[in-house]
Amino acid sequence: MADSNLNVPVIIQATRLDTSVLPRNIFSQSYLLYVIAQGTDVGNVANKANEAGQGAYDAQVRNDEQDVILADHEQRISAAEATLVNHEERIRQAESTLQDHETRIAQNESDISSLDTRVQSLESQVSDHETRIDALEYATTRKKSEVVYSGVSVTIPTAPTNLVSLLKTLTPSSGTLAPFFDTVNNKMVVFNENKTLFFKLSIVGTWPSGTANRSMQLTFSGSVPDTLVSSRNSATTTDNILLATFFSVDKDGFLATNGSTLTIQSNGASFTATTIKIIAEQ
């Protein structure tokens, strides 16, 4: 704390010292001048002392102010150090948490990599299953040609006649000859698969009266031709003829690669058909 006494000036009691206040004819002129100079020197010393005291007081006041500032700085530094310690502790905790996170992330990345491998394997299996399912769906999907011709009058002669050539000139009541009956090459074709083909031909019509021995014959061309024959009694007025069979189709086999020509002929007399239904199914 500043000493207030330093702020009190030195007071000189003898404020005037000159030749008028000294005894005359006692001291020499040199001594009188010396005494007068001493008074001046004392005044100068007092002034300097007052200036020094004032400076010392001002310095102590400034020191007191700086002490307050330093105390505030020390307090703030202490608070900052405490905050820094807290920050260091939190940083250590954060680093520990980060290390834990890095460990868990590394584990997760390893798990994800394993899962990616398993997902890729599953995707490959799914793709394989989809391919197999598509194949199974295709294999179990029925392909069929079913055509009905009704209200017609078609003569089936006694000479061998290509059945597809005969049918393609007619207008069907329902259905189409495709895909099993090729109207360009006039033959029956099959899908190149190891699947059985079922065939049925139903014809309604009549032979001329008086025809004794009569039958309908259908031949399928092939390495070993198959022939179907339906015989009818002469007493029957309206004849319902049914010719049905099946073919065990082999992939890349003769029937799959060549198809089969269907040749029909009426034995005994020409046959007039009024309704025809032909079905092929694989």
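Including glycine, each Cβ sits where the backbone N, Cα and C put it.
With a cut-off of 8 Å between CB atoms and residues at least 6 apart in sequence, the same chain places Thr196 near Ser248 (L-glutamate binding site), listed in sequence order. Per Swiss-Prot, L-glutamate binding site is recorded for Glu146, Lys200, Ser248, Asp250, Leu255, Lys277, and the stated evidence type is a large-scale study or a structure entry.
Positions annotated as coiled coil by Swiss-Prot, on the basis of experimental evidence: 61-139.
The annotation region 'Interaction with tail hub protein' is assigned in Swiss-Prot to 2-60 on the grounds of similarity to another entry.
Residues annotated as region 'C-terminal globular knob' in Swiss-Prot, with experimental evidence given as evidence: 132-282.
Mean pLDDT for the repeat 'Trimerization heptad repeat 1' (61-67) in this predicted model: 81. For 61-67, the entry in Swiss-Prot reads repeat 'Trimerization heptad repeat 1', with the evidence type similarity to another entry.
If you look up Swiss-Prot, you'll see 70-76 marked as repeat 'Trimerization heptad repeat 2'.
Sequence annotations record features per position, and here Swiss-Prot assigns repeat 'Trimerization heptad repeat 3' to 77-83.
Mapped onto DSSP classes, the repeat 'Trimerization heptad repeat 4' (84-90) shows 7 helix, 0 strand, 0 coil. Taken from Swiss-Prot, the feature repeat 'Trimerization heptad repeat 4' applies to 84-90, supported by similarity to another entry.
What Swiss-Prot records for 91-97 is repeat 'Trimerization heptad repeat 5'.
Broken down with DSSP, the repeat 'Trimerization heptad repeat 6' (98-104) shows 7 helix, 0 strand, 0 coil. What Swiss-Prot lists as repeat 'Trimerization heptad repeat 6' is 98-104.
Summarising the annotation, Swiss-Prot assigns repeat 'Trimerization heptad repeat 7' to 105-111 and lists similarity to another entry as the type of evidence. For the repeat 'Trimerization heptad repeat 7' (105-111), the DSSP counts in helix, strand and coil order read 7 helix, 0 strand, 0 coil.
Annotated repeat 'Trimerization heptad repeat 8' per Swiss-Prot: 112-118, in sequence order.
A Cβ distance under 8 Å defines the sequence-distant neighbours of the repeat 'Trimerization heptad repeat 9' (119-125), meaning residues of its chain 6+ beyond its ends; there are none. For 119-125, the entry in Swiss-Prot reads repeat 'Trimerization heptad repeat 9'.
What Swiss-Prot records for 126-132 is repeat 'Trimerization heptad repeat 10'. Sorting each residue of the repeat 'Trimerization heptad repeat 10' (126-132) by its DSSP state yields 7 helix, 0 strand, 0 coil.
Helix, strand and coil counts from DSSP across the repeat 'Trimerization heptad repeat 11' (133-139) read 7 helix, 0 strand, 0 coil. Under the heading repeat 'Trimerization heptad repeat 11', Swiss-Prot lists 133-139.
Sequence-distant contacts of the repeat 'Trimerization heptad repeat 10' (126-132), counting only residues of its own chain at least 6 positions beyond either end whose CB sits under 8 Å from a CB of the stretch, are absent. Among the residues the record lists as binding L-glutamate, namely Glu146, Lys200, Ser248, Asp250, Leu255, Lys277, the two farthest apart have Cα atoms separated by 26 Å.
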